[in-house]
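Participant: Summarising the annotation, TrEMBL assigns domain 'Phosphotransferase system enzyme I N-terminal' to 7-130. According to TrEMBL, the feature coiled coil maps to 37-64, 231-258. Annotated domain 'PEP-utilising enzyme mobile' per TrEMBL: 157-227, in sequence order. Here TrEMBL flags 253-543 as domain 'PEP-utilising enzyme C-terminal'. Sequence annotations record features per position, and here TrEMBL assigns Mg(2+) binding site to E434, D458. What TrEMBL lists as active site, proton donor is C505.
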Amino acid sequence: MSALRLQGHGASRGSALGRARVRLPPTQDVGEKRIAANAVDAELQRLHQAIEAARTEMRELRQRLQGALPAEVGEFLDLHAMLLDDPELLFALDELIRSHRYSAAYALRVQRDKLAQVFEGMEDDYLKSRLDDLDHVIGRINAFLHKRPASVKGLAGEILVCENVAPSELAQLQAQGVVGIVSSAGSPLSHSAILARSLHLPLVVAASGVLHRINDGDVLIVDGGSGEVVLDPAADDLRQYRQRLRELAREQRELGHLRSKPSRTLDGADITLLANAESREDVAQAHALGAHGLGLYRTEFLFLQRNALPDEEEQFHSYRDAVLGMSGRPVTIRILDLGADKADRTGLALGSEENPALGLRGIRLLLARPKVADTQLRALLRASGYGPVRILVPMVSTREEVLAIKRRIVKLAGILRAEGHALAEHVPVGAMIEVPAAALALDSFIDQVDFLSIGTNDLVQYLLAADRNNEAVSELYSPLHPALLRLLAQVVETARAHGVPLSVCGEIAGDARMTPLLLALGLTELSLHPATLLEVRRAIRESRLADLRALAPKLLALRDRRGIERWMIQATT
Ligand code: PEP
Ligand code: MG
């Protein structure tokens with residue numbers, strides 16, 4: 001029997017072997033289907049069994065995670081259990097099957113759409129977002145109705161196959177034992193992908209066709225590096241999988257020797273390697289690998305998957321622990337970068353925006369919600385009493401934004417000192433360069449910042465007008481574009497002329513293939529996830545900075561991606 005190979009994009013490295021658990025999109029179109037009059041009872045029974053199976057699953061999940069769950073996640077589970085017991089919902093489903101002779105799946109679809117209309121008509125954004133919960137519950141009933149053999153229990157050792165996975169559910173999935181994820185949509189630059197890398201959870205995205213081809217219980221091999229998904233692996237595939245695990249282990253061992261080595265080029269230039277972090281584990285790993293500090297601590301994750309905003313104390317503890325975790329090395333904490341695309345369930349009631357990437361996100365949102373900003377800034381300033389903290393401002397596009405947030409910081413620092421808190425004498429404030437306007441007109445506000453960090457993930461999407469989450473334009477969404485390279489060179493030059501420290505914290509900083517290119521452009525500080533820190537250190541140690549700098553003019557004159565790729569090959573040989 002030969003295996004079937006499906007191809008997606010590798011989004012979080014690592015290989016996984018496991019049984020598939022298919023999660024169909026809850027709103028998947030189920031065509032109208034009617035059943036024969038004598039099949040009604042059997043269909044009702046099928047539906048009731050599926051609902052009961054979904055209830056049992058929910059109960060077991062709750063028990064398994066007892067004590068390990070934040071209260072808010074527990075609340076979601078309660079809500080899901082309540083929906084499964086809702087007499088009105090159950091009665092309506094039975095009625096649709098009985099009187100209209102709909103199939104159970106179609107009855108679910110009809111009832112879901114009816115309720116969706118009610119939810120969508122609600123004024124309250126929080127209530128509106130309950131539609132996700134309804135969809136989740138209906139999706140689970142559907143899964144039991146269709147595919148799932150009763151013998152498959154739990155998620156341990158399973159590979160989730162789904163349409164998309166939200167950043168907020170990743171940690172929970174991993175805690176439930178999921179060993180890998182394959183999604184039919186999504187992009188390697190999405191926040192889910194970034195978080196999956198942080199959790200070391202293999203992830204393949206944009207693997208079209210997986211939802212049709214893969215069934216519950218199928219055995220899969222997932223390679224989060226190459227993006228390959230092997231369905232029903234043959235003996236050869238299993239051998240290759242084991243071989244790959246051995247290679248990965250060997251590479252990790254080899255890289256392990258670089259833990260205590262400097263990030264120094266062959267010609268003696270020291271490059272600063274900072275870490276991107278989202279969790280305590282990331283901080284611990286960054287410390288262990290000798291990162292020079294944290295270059296980007298994303299605070300959004302503290303705000304996700306909950307109904308109320310974290311208060312000052314909770315935030316303070318979290319930031320202080322990151323500072324203590326780095327024992328004296330600088331910790332750059334980015335203030336909240338949420339927008340309508342990520343803010344649901346955070347307690348930040350935002351109206352839905354047609355185009356959230358261009359909407360009220362990052363610094364714009366914080367200036368529009370001064371209370372939210374002040375709570376976070378107070379917590380951050382208090383954390384500065386425990387070690388060097390730097391405040392990083394996301395999505396800056398104007399000088400006024402920088403001035404406005406700095407005014408708030410100065411005012412709050414005064415209040416906190418008066419309250420008796422011990423703050424650092426000076427808390428540096430820096431700007432993310434991720435909006436082309438900020439890059440192009442950097443000299444218009446550079447006198448107001450202590451440091452800069454280029455967020456290439458967003459800079460690429462805004463510069464090339466290519467959504468970082470949209471698979472349809474993923475070919476276009478690439479840092480290997482002459483416009484990006486020229487803009488980076490311009491930012492490097494402006495920062496150098498003004499003596500302002502500059503780093504890159506987008507995902508390209510953690511891609512060792514990009515290291516020679518970034519060094520050639522004059523970047524000397526990179527901030528990256530600890531998972532690839534040693535690979536990038538190795539790439540630095542194999543580079544000769546002077547040679548790369550000499551190749552920069554040629555790089556900047558290139559006109560297309562192929563040319564840039566050829567330059568990259570030439571630069572490393
Ligand atoms: C970026 O845009 O490059 C960045 C680092 O921020 P995020 O990925 O969180 O938007
Ligand atoms: Mg960004």
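Cβ atoms here come from the backbone N, Cα and C positions, even for glycine.
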Participant: Between E434, D458, which of the binding-site residues has its C-beta surrounded by the fewest other C-beta atoms within 10 Å?
Facilitator: D458
Participant: Can you tell me whether DSSP puts D458 (Mg(2+) binding site) in helix, strand or coil?
Facilitator: helix
Participant: Which recorded positions of E434, D458, C505 contact ligand 2 in the sense of C-beta under 6 Å?
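Facilitator: Cβ under 6 Å from ligand 2: E434, D458.
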Participant: Looking only at C-alpha atoms, tell me how far the residue listed as 'active site, proton donor' is from D458 (Mg(2+) binding site), rounded to the nearest Å.
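Facilitator: Just about 11 Å between their Cα atoms.
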Participant: Looking only at Cβ atoms, how many others are within 10 Å of the one on C505 (active site, proton donor)?
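Facilitator: Taking all protein chains shown, C505 (active site, proton donor) has 30 Cβ neighbours within 10 Å.
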Participant: Provide the three-state DSSP residue tally for the domain 'PEP-utilising enzyme mobile' (157-227): helix first, then strand, then coil.
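Facilitator: Across the domain 'PEP-utilising enzyme mobile' (157-227), DSSP assigns the residues as follows: 22 helix, 17 strand, 32 coil.
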